[in-house]
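Okay, structure first, notes after.
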């Protein structure tokens, strides 16, 4: 965990990375699990933790898996620093407020849940009999899964990602041709936006598996990287092309999209409103892209130049119609680059027309 976030709440992805296979902490936890001694680990030592800690002895030594294993043989809880790099206390008794509700039945897990809610710190409970590692923080509870199980789920998700990526590629290929023909409708835009989001959601799910797998997730990471390189960037440029009012940071809108429920994502009216249009917009009405996405596909054309071209012409249609002289007048574009843009757009148009015919 981030050393600077003393006692701060971490999101689940950060926590999973913190205890992932390959980390010293996970090695120590696995040793305790195999020894079947059980254990309770508190990560962080803020004022709220001090209120619930009683007894034990001060260690204040560097963390090592071997030290954790030996100290876990005692009944009390182990207190680590926020970064997990130091063992601060061992054999402590945790005494959270008994009035804090808990859904757990075992004493160790009930204590862990209450301490997590009272302090906001990450609490790791290692089961003595069930061979289970449970993470608690505030109201969050997460049971770490077996590595083999996670790998199976990750591989299934990769297969799903491949299928959705094919569907997205087909939709984008069709959109490319429609953009050159000036035949894009709001229905096409919403359809592609939905497909982008579905692919990104599956990617985010796989990323959670990768974080939980730690060093075991290297091959999964490579597969995802190969499948959807620069996908967020392309989705962001697509948003910049079709959002009603120009925006500086399309990733804010993409984040709003990711925060939507599956039900909201299927509602065309909600997606139209997200892009700044009326919910009653006719889906068959034509809409014209600004040209960010296609211009970005031209090799060695920097994003600031793309921005200047769009700013100068407004829409892709006018950029395509512009001659070399018109392009040459745009800031940052000389005669050579103007020729490159004209040829690049022509090649893209021919390629996308051919792809569509196939």
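Every residue gets a Cβ built from N, Cα and C, even glycine.
Here's what Swiss-Prot has on this protein:
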BINDING   76, 94, 107, 108, 109, 110, 111  ATP binding site
DOMAIN    9-147  domain 'DAC'
Exercise. Using only the Cα atoms of 76, 94, 107, 108, 109, 110, 111, which the record gives as binding ATP, return the largest interatomic distance in Å, rounded to a whole number.
Key: 15
Quiz item: Near the Cβ of residue 76 (ATP binding site), how many other Cβ atoms are there if near means within 10 Å?
Solution: 20
Quiz item: Where among the binding-site residues 94, 107 do you find the Cβ with the fewest other Cβ atoms within 10 Å?
Solution: 107
Exercise. For residue 109 (ATP binding site), just give me the three-state DSSP call.
Key: helix
Quiz item: Which chain neighbours of the ATP site, leaving out 76, 94, 107, 108, 109, 110, 111, have a Cβ atom within 8 Å of the mean position of the site's Cβ atoms?
Solution: 40, 77, 106, 112, 115, 125
Quiz item: Can you tell me how the residues of the domain 'DAC' (9-147) break down into helix, strand and coil by DSSP?
Solution: 46 helix, 40 strand, 53 coil
Quiz item: Long-range same-chain neighbours of residue 108 (ATP binding site), Cβ under 8 Å, sequence gap at least 6?
Solution: 38, 40, 125, 127, 128
Practice problem: Which residue among the binding-site residues 109, 110 has the fewest other Cβ atoms within 10 Å of its Cβ, if you could check? | Solution: 110
